[in-house]
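J.: Please see the structure below; I have some questions.
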Amino acid sequence: MARPTPHHPLFDRLFRQAVTVDLGTANTLIYTDDGGIVLNQPSVVCFEKDQSSGPKRVAAVGAEARQLLGRAPRNLEAVRPMRHGVIANFSAAEHMIRQFVDMARPRQLFSRRAAFTLCVPAGATQVERRAITEAAVSAGAWKVNLIGESLASAVGAGLPVAEATGSMVVDIGGGTTEVGVLTLGGTAYSGSIRVGGDAFDMAIVSYVRNLYGVLLGEQTAEHVKKNIGTAVRDVPAEHMNATGRSVDDGLPRTVQLSNHDVADAIEGPLRQVIGAVKRGLEMAPPELVTDIAHNGIVLTGGGALLANLERRLTHEIGLEVRVADEPLTCAVRGAGAAAASGLLDEFACQ
Ligand SMILES: Nc1ncnc2c1ncn2[C@@H]1O[C@H](COP(=O)(O)OP(=O)(O)OP(=O)(O)O)[C@@H](O)[C@H]1O
Ligand SMILES: [Mg+2]
């Protein structure tokens with residue numbers, strides 16, 4: 001059988017397949033039309049430290065590398081290449097994307113030379129947009145489209161973005177919170193703050209250090225947040241133990257934390273998220289605000305899973321707030337659907 005050539009229809013099918021990548025601060029997801037979500041891994045890469053200044057070798061990536069965060073032996077270095085939704089360490093991001101694309105490929109017949117659609121936060125600068133584009137090109141993309149995370153998340157959450165009505169989506173990721181108001185397939189308002197789940201974890205770390213003199217690791221703090229975190233205080237008490245290092249003598253110490261402690265700890269970043277949502281309502285055109293008052297607000301991103309967040313926002317803002325189905329995968333599914341429907345052309349920056 002003749003091999004597919006660049007002019008053969010099979011070529012487009014196999015080698016020009018559209019691939020959508022959500023390169024998030026916490027998690028990277030890859031989606032294809034045929035295969036759905038073909039990769040879902042923590043955005044972490046682990047290098048073997050080289051004595052010479054030669055190129056570093058990737059020792060692990062994704063979930064395997066994440067386990068080494070904060071506990072890597074001396075010859076290894078675990079890195080999170082993304083901060084606040086944008087690339088903070090270009091070379092690490094490049095290695096990570098390349099590995100992820102290779103991991104996703106065997107299951108899905110797309111070549112590295114596929115057209116890539118990437119989600120970016122609204123607040124990303126031109127330099128940051130160029131960096132992510134270059135990282136994708138270096139991973140093999142022959143063409144790169146960028147899509148705003150808000151639009152992608154709104155499409156993924158099933159909001160009627162193409163209709164003549166205003167929809168508000170709030171995507172709370174690891175490093176950013178994006179507030180978007182969408183209408184007629186366009187973005188009427190988008191705002192992004194550099195506060196997300198990471199800031200909640202850090203707030204728990206500093207609360208426990210100040211109150212109990214115990215330094216928790218970031219992953220332990222995240223575990224506490226996911227287990228007993230709550231955005232409101234008027235809930236029955238729940239407790240869990242967390243072990244860290246005493247700041248006095250450096251020895252391990254276990255403290256018992258309550259969900260009320262955690263609510264107090266995260267109040268600061270939570271207020272910033274609430275402030276960003278209020279600002280979105282203030283800045284959006286009045287007619288669209290009327291629509292949002294009618295349609296309510298939808299939460300996406302992993303941060304939307306914080307217990308009682310929708311209740312707290314409803315209380316603060318006075319509008320109906322709900323969490324999207326599968327909030328962690330909304331952005332990548334939505335970006336893939338937007339790319340397939342042509343919605344993207346209007347928003348493509350490149
Ligand atoms: N059950 C939960 N309760 C609270 N937070 C959660 C829960 N599950 C996940 N998270 C938080 O969600 C965040 C990750 O969400 P997500 O994968 O949407 O981020 P991201 O897309 O990688 O980041 P960004 O969009 O900011 O670049 C992490 O901070 C994680 O701790
Ligand atoms: Mg995200």
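Each residue, glycine too, has its Cβ placed from N, Cα and C.
Features from TrEMBL:
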type: BINDING; residues: THR25, ALA26, ASN27, GLY174, GLY175, THR176, GLU222, HIS223, VAL224, LYS225, GLY302, GLY303, ALA304, LEU305; note: ATP binding site
J.: What does DSSP say about ASN27 (ATP binding site): helix, strand or coil?
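T.: Note: ASN27 (ATP binding site) is in a strand by DSSP.
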J.: Report the largest Cα to Cα distance, in Å and rounded to a whole number, among the residues THR25, ALA26, ASN27, GLY174, GLY175, THR176, GLU222, HIS223, VAL224, LYS225, GLY302, GLY303, ALA304, LEU305 that the record lists as binding ATP.
T.: 20
J.: Specify the count of other C-beta atoms within 10 Å of the C-beta of GLU222 (ATP binding site).
T.: 20
J.: Just to be sure I understand the contacts, which binding-site residues have a Cβ under 6 angstroms from any atom of ligand 1? Candidates are ASN27, GLY175, VAL224, GLY302, ALA304.
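T.: Cβ < 6 Å from ligand 1, in sequence order: ASN27, GLY175, GLY302.
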J.: Can you give me the same-chain residues 6 or more apart in sequence from ALA304 (ATP binding site) with a CB-CB distance under 8 Å?
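T.: Listed in sequence order: VAL170, ASP171, ILE172, GLU310, VAL323, ALA324, PRO327.
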J.: My understanding is the cutoff is Cβ-Cβ under 8 Å with a sequence separation of 6 or more in the same chain; which residues meet that for ASN27 (ATP binding site)?
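T.: Residues satisfying the criterion: ASN40, GLN41, PRO42, SER43, GLY174, GLY302, LEU328.
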J.: Across all chains shown, how many C-beta atoms besides its own are within 10 angstroms of the C-beta of THR25 (ATP binding site)?
T.: 24
J.: Around VAL224 (ATP binding site), how many other C-beta atoms are within 10 angstroms of its C-beta?
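T.: Its Cβ has 24 other Cβ atoms within 10 Å.
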J.: Please report the three-state DSSP label of GLY175 (ATP binding site).
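T.: DSSP assigns GLY175 (ATP binding site) to coil.
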J.: Across all chains shown, how many C-beta atoms besides its own are within 10 angstroms of the C-beta of GLY175 (ATP binding site)?
T.: 22
